[in-house]
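What TrEMBL annotates here:
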- 129-147: transmembrane segment (TRANSMEM)
- 182-206: transmembrane segment (TRANSMEM)
- 218-243: transmembrane segment (TRANSMEM)
- 263-280: transmembrane segment (TRANSMEM)
- 292-313: transmembrane segment (TRANSMEM)
- 337-360: transmembrane segment (TRANSMEM)
- 420-441: transmembrane segment (TRANSMEM)
- 447-463: transmembrane segment (TRANSMEM)
- 475-505: transmembrane segment (TRANSMEM)
- 533-656: domain 'STAS' (DOMAIN)
Amino acid sequence: MASTRPSVEEMVGGSSNKVDTVHETSIRVNTGSSSTMEIHKVCLPPNKTTFQSIKHNFSEIFFPDDPLHKFKNQKPFTKFLLGLQYFFPIFQWGSDYSLKLLKSDVISGLTIASLAIPQGISYAKLANLPPIIGLYSSFVPPLLYAILGSSRHLGVGPVSIASLVMGSMLREVVSPTAEPILYLKLAFTATFFAGVFQTSLGLLRLGFIIDFLSKPTLIGFTAGAAVIVSLQQLKGMLGIVHFTPKMQIVNVLSSVISTEKEWSWQTVVMGMSFLIFLLATRHISIKKPKLFWISAAAPLTSVILSTILVYVFRAHTSAISTIGHLPKGLNPPSANMLYFSGTHLAIAIKTGIVTGILSLTEGIAVGRTFASLRNYQIDGNKEMIAIGVMNMAGSCTSCYVTTGSFSRSAVNFNAGAQTAVSNIVMAATVLITLLFLMPLFYYTPNVILAAIIITAVIGLINYQEAIKFWKVDKYDFMTCLVAFFGVLFLSVQMGLAIAVGVSVLKILMNVTRPTTVVLGNIPGTQIFQNVGRYGDATRVPSFFILAIESPICFANSTYLQERILRWVREEEERIVANKEQDMKTIILDLTAVTAIDTNGLEAIVEIRKMLEKRSYKLVLVNPVGQVMEKLESSRTLELFGEKSLYLTVGEAIADMSKRFKIEI
């Protein structure tokens, strides 16, 4: 053992810890050998006023991207132009727009329009809204996003998850068939409040709130919602007339079995045929991405073919239900339908906030995904404002909640979209459809809409990520499962709420139960590392070195106090069992303690008192700037006495062993 113990000279200044303090005066200590060692003083950070500290913290929380850096040292007119570009990104890329870019955007816009039209109709029915509302929602919002949005590839319109959540939440209070006008009013009002909520998050730069929807939560939630959506489409796939309004898997399956007499074989044959066709085209596009246009055109192709079949054989297909009459014309105003008072206002606000959070999360995640593939960045706060404004405006023009759709964005990206003009082309195509082509949808069968929805949501079941969670982090896997089964067996909103609760619980566990490790010296080096992680790291006789790897605050100060004392007790027992040299000094390495509050300061003082009663000396090592500042201002260091603070673990051991003649 003696040969593996580090010498004083080896440990001088030795530590793997990063130092963010400034070297000031030093003390020369005679080691009794030909060399001397240097003990560095731990210094306070530069002095700041209270206002400066608040300003710094405020800017780091709300303005980590420093959005005003472009305006520095610029002329007034240049600042005006930069301001226009900041709030209206269309001015940023519009000045360099060319015919070459237009060609690419027209092709991609027409391609996503072929997907947007059938999807819009389908998702509106998923939200229990008239099909025409889905087309209205594919016209106004994309135009606004093209002006305000910062993503070049985001395809905007209704999405399945937000449609499902809105439909399920509103249907619990108001029946869309018994009270269709009231239901429509609540849908528009929920859309308005979703927009207000989204815009407020962007303006106040509170986007970090949506980060509480962790990836495991979203993966589990969307997979559960996809299963529920698919099962709900059995109504259309089987031609069932009387179907349960409930969303739980047990109720849906029971309803399917109990209504067996209502099944229509014509509907089943048509539905399964086109579903197989849609899934086959999707599989081809996945295997060969260059053939993306096959799956993009498949929904509209299915609508056209099925409509022709029903029209030609209408005398023999009376059992197949169709969309029926859809009104021609532009979006009618709906501001007069917003519902700002009455007994149902609360559910409208609640639905708006929930769908607003989900649509924000999906839109920003999709935008960032495709931006990373083209090596550009999007501003999350500006995206929130853009999505919020288009939803507020949409609620006044007969639209419901919209955001960036993954399927449309993927098609838009693969079709070669260069700018947000592709959304304008898509909106123009939808406009032509609204003005001239609506009568053609009269014979479109509802079963085709069900098949389109099933094909779209199947892609939301990401089992590969769930397997990855199991391999990497079992807690993330559990969160994913909780969200999935919560949606299946309870409800969409309850499943989401429980999953978010589990995610928050994980955060609380990490905060309230931080990691503490025992450090040892790696022989022949000046490095101190976790003895449980590095087999060759050896304990230093007479010293017990602990590292705390988290901030110390009110939530964990009591735990840390108890855990450190337990570490000391266990070390005492280990020393007795191995008949080693008695422990004299305990070193707390604070390198990883990024912050401390008054509870944390009191905990350190209490730990010192308890250890002092047991004849142990407590030494602190390398507190970071904020921690050092609070140790000084609270006069905690005065209680520790002289020589209780060091810059590195190695210097603490070397100096303490020399002063107290500890043989190491």
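Glycine is treated like the rest: Cβ placed from N, Cα and C.
Note: the domain 'STAS' (533-656) comprises 60 helix, 21 strand, 43 coil (DSSP; helix = H, G, I, strand = E, B). When each of the listed stretches 182-206, 218-243, 263-280, 337-360, 420-441 is scored by C-beta pairs under 8 angstroms to the transmembrane segment (447-463), 218-243 comes out highest. Beyond the transmembrane segment (475-505), the same-chain residues lying 6 or more positions past its ends with a Cβ under 8 Å from any Cβ of the stretch are 164-165, 168-169, 212-221, 223-225, 227-228, 247-250, 354, 358, 465-466, 469. For the transmembrane segment (263-280), the list of distant contacts is 236-240, 295, 298-299, 302, 305-306, 309, 316-317, 319-321, 445, 447-448, 450-452, 454-455, 458: same-chain residues at least six beyond its ends, Cβ to Cβ under 8 Å. Two recorded stretches are said to be in contact when at least 3 C-beta pairs lie under 8 angstroms, sequence spacing 6 or more; the transmembrane segment (337-360) and the transmembrane segment (182-206) meet this definition.
A contact between the transmembrane segment (420-441) and the transmembrane segment (182-206) is absent, since fewer than 3 of their C-beta pairs, 6 or more residues apart, lie under 8 Å. Contact between the transmembrane segment (182-206) and the transmembrane segment (129-147) is present: at least three CB pairs lie under 8 Å, with pairs separated by 6 or more positions in sequence. Here the transmembrane segment (129-147) has Cβ contacts under 8 Å with residues 88, 90, 116-117, 119-123, 154-158, 167, 176, 183-184, 187, 323, 326-327, 330-331, 386-387, 389-391, 393-394, 397-400, 402, 420-421, 423-424, 426-427, 430-431, 433-434, 438, 441, 449 of the same chain, all six or more residues outside its ends.
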